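Swiss-Prot has this to say about the protein:
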BINDING   ASN60, TYR477, ARG573, HIS601  ATP binding site
BINDING   ARG384, ARG414  Mg(2+) binding site
ACT_SITE  HIS444  active site, phosphohistidine intermediate
Amino acid sequence: MEKTVADQISLSDITMKNPARFINREFSWLQFNNRVLMEAANSKNPLLERLQFLSISATNLDEFFMVRVAGLAAQIRAGVTACSADGRTPQEQLDFVLAEISCLQDNQLRELSILRHELKQNNIEIICSAGLSETEKSWIEKYFLDTIFPVLTPLSVDPVRPFPFIPNLGFSIALQLSRCADQHSFIALLPLPTTLRRFIPLPQKDNRFRFIACEDVINLFMRHVFPDYEVEGIGTFRVIRDSDIEVEEEAEDLVHFFETALKRRRRGQVIRIEFEAKMPDHLRQFITNGLAVPEYCINVLDGFLALNTVSEIVSIPRNDLKFAPYDPRVPECICQHKGDCFAAIRQNDIVIHHPYESFDVVVEFLRQAARDPDVIEIKQTLYRTSNDSPIVSALIEAAEQGKSVTALVELKARFDEEANIRWARDLERAGVQVFFGFIALKTHAKMSLVVRREGKRRCSYVHLGTGNYHPINAKVYTDLSFFTTDDDIAHDVALLFNYIAEYVRPNEAMKIAFSPLTLRSRILEHIEGEITNARQGQLAAIWMKVNALVDPEIIDALYRASQAGVQIDLVVRGICCLRPGIPGISDNIRVKSIVGRFLEHSRIFCFGNGVNLPSENALVYFGSADMMPRNLDYRIEILVPVFNKMVRQQILLQVMLANIIDNQQSFDILNDGTSQLITPQRGESPFNAQEYFMANAGLSRMERSFDSSVSHLVALYQQKVKLYKD
């Protein structure tokens, strides 16, 4: 894969006052998406999974345009010239990222070409109409007339008819037509409904899978759409629109506001038009003028548009070209209590590692709460959940059983707003007390609180997680679930629910740190503690695992820690604005990213506390927040300290250690912001963290501080440290 446009900077010029100490946020995100694309090129992955990674990278890029590029364009239109943390104006950032996107899309098309060749070798083929046999042509014509033709709506464009609306991600064919009778010429558009498959499977023969693109089929039978006309020019194009929603603080009815905003979003500003290279110039110019977009919004691609749709091919029954099926385990501690979640949690705090351990435990916890006559109250946050959500069903069942049920439904969850409005109404109809939280703050914390009568007292059971209450995503996202009856944590969670529902500040919180109130200061306090330890000659270390590291204040604190001699290992899946390896500033910081079969999603923070990591003395936290200004200042987030010795060791000695020593699915983040695949050094054993967890699933089953698998991880870490020092 070709080198991308690097963030060119001279390291010798960087100081703690120079904005160049930060990597540009948009560039760093594009580098993450490039890592996803590199998995499409990774021959260790099964072939159809590589095609899926290509689809994911294309979907990611669409969302990047809809939100981030749209945001830059809006700033430019508004005349904003303020610089980003790395010192670039909106216009400079836009120019920078568009150049990077051009490289990324070239790489995507190049990878598709490679994959098509390998797919063909495995009897899977995307053909053009010229490759159809006569039998196939007859079959596909019938398919066209039965399935495609009835839903096509040709739109002619002339001075009498305004340019038609093209929806977000709308895929269309543009045509220059000439009437055979009198050579009258006009332009028409043919939008492709989203209900149509992009790649149509031909009848299977001899275990061969052949597909033809929908637009090729339409082109082949255009005579049915425009009889008595000749096609003089043709090509496909695709539109991407601004899809962000800006919440107005004065909005009185939040549900009504979002319903209206969602309608507006469908007609958002066009931010990108992608044209097929073979489209004639005059057609391209006609569409550009009709949509009234500037030149920078236009992109011409010599290949397939909408690469996200190649995921349709992945579903074919070729399990030999896919990851082997994986069934998550039921946690042993739950099995020991015959599935009784309350009995298991009452005995001891529990940490569960998804997707290696089943998310069904979380669902069952709420189902049992709904059906248990001793449960009197349930409080629940909902940020994202599945279409047929068992979580929502459990809350509805609990309310119908007469229990007091409160649900905090976050309407501002991007691209899930419509679903959350629907869930909120369903819950309210069942008698659930529904809150939407703050208008200006997005509730991102993942919390369940169940209050149960036990004898003469009331006991609170708490679930806290790093991931959403989404059973489908929980099968592919790596996250932590934590169950406890700790009175202080239950007290803090109750305070936070009151804060969200009644705006009562949780000033008496005992253990949990909350954003936007105390989470930032708690992280900074612990970083400063490690700096103090290092300056006093003690050992000092920080481990963090997050999805994004963007916040300038946190990054500068980590720089100061590095300068003081604190050893810092960061596992950052996505955006990382910290620039490692700057002489005198970040020499002691190592940043890596893991991209693999499962999407890394957990947020974990570990501080040495006067000794090296890993250690029983370490301070360990998990939470819902990434290190970004929006998470620290504009969201409701939680940071949960882990005091239970067993749980602390499970998180530190298994999850974090495995992530740090992984050398099979990991990338080093370099000081120019680009990525480099990590390979084992001479004398270093290969280790794949995700495969390790699949083979050794069960944080909740670990009964000793060190079992044989943990000892193995520690040995591998010591090996890695020794090689690093040498």
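Start at 1 and count along the chain as shown; that gives each residue its number.
Heads up, the Cβ atoms here are built off N, Cα and C, so glycines get one too.
Here the features listed in Swiss-Prot are placed on the structure.
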{"residue": "ASN60", "record": "ATP binding site", "Cβ neighbours (10 Å)": "18"}
{"residue": "ARG384", "record": "Mg(2+) binding site", "Cβ neighbours (10 Å)": "20"}
{"residue": "HIS444", "record": "active site, phosphohistidine intermediate", "Cβ neighbours (10 Å)": "24"}
{"residue": "TYR477", "record": "ATP binding site", "Cβ neighbours (10 Å)": "19"}
{"residue": "ARG573", "record": "ATP binding site", "Cβ neighbours (10 Å)": "22"}
{"residue": "HIS601", "record": "ATP binding site", "Cβ neighbours (10 Å)": "22"}
Neighbours of ASN60, TYR477, ARG573, HIS601 excl. site residues, C-beta within 8 Å of centre, ATP: ASN547, GLY574, LEU599, GLU600
Secondary structure at ASN60 (ATP binding site), reduced by DSSP to three states: helix
Largest CA-to-CA spread of ATP binders ASN60, TYR477, ARG573, HIS601, angstrom: 16
Rounded Cα separation (Å) that holds between HIS601 (ATP binding site) and the residue listed as 'active site, phosphohistidine intermediate': 14
Of the recorded positions listed as ASN60, HIS444, TYR477, ARG573, the one whose CA lies nearest the CA of ARG384 (Mg(2+) binding site): HIS444
DSSP three-state assignment for TYR477 (ATP binding site): strand
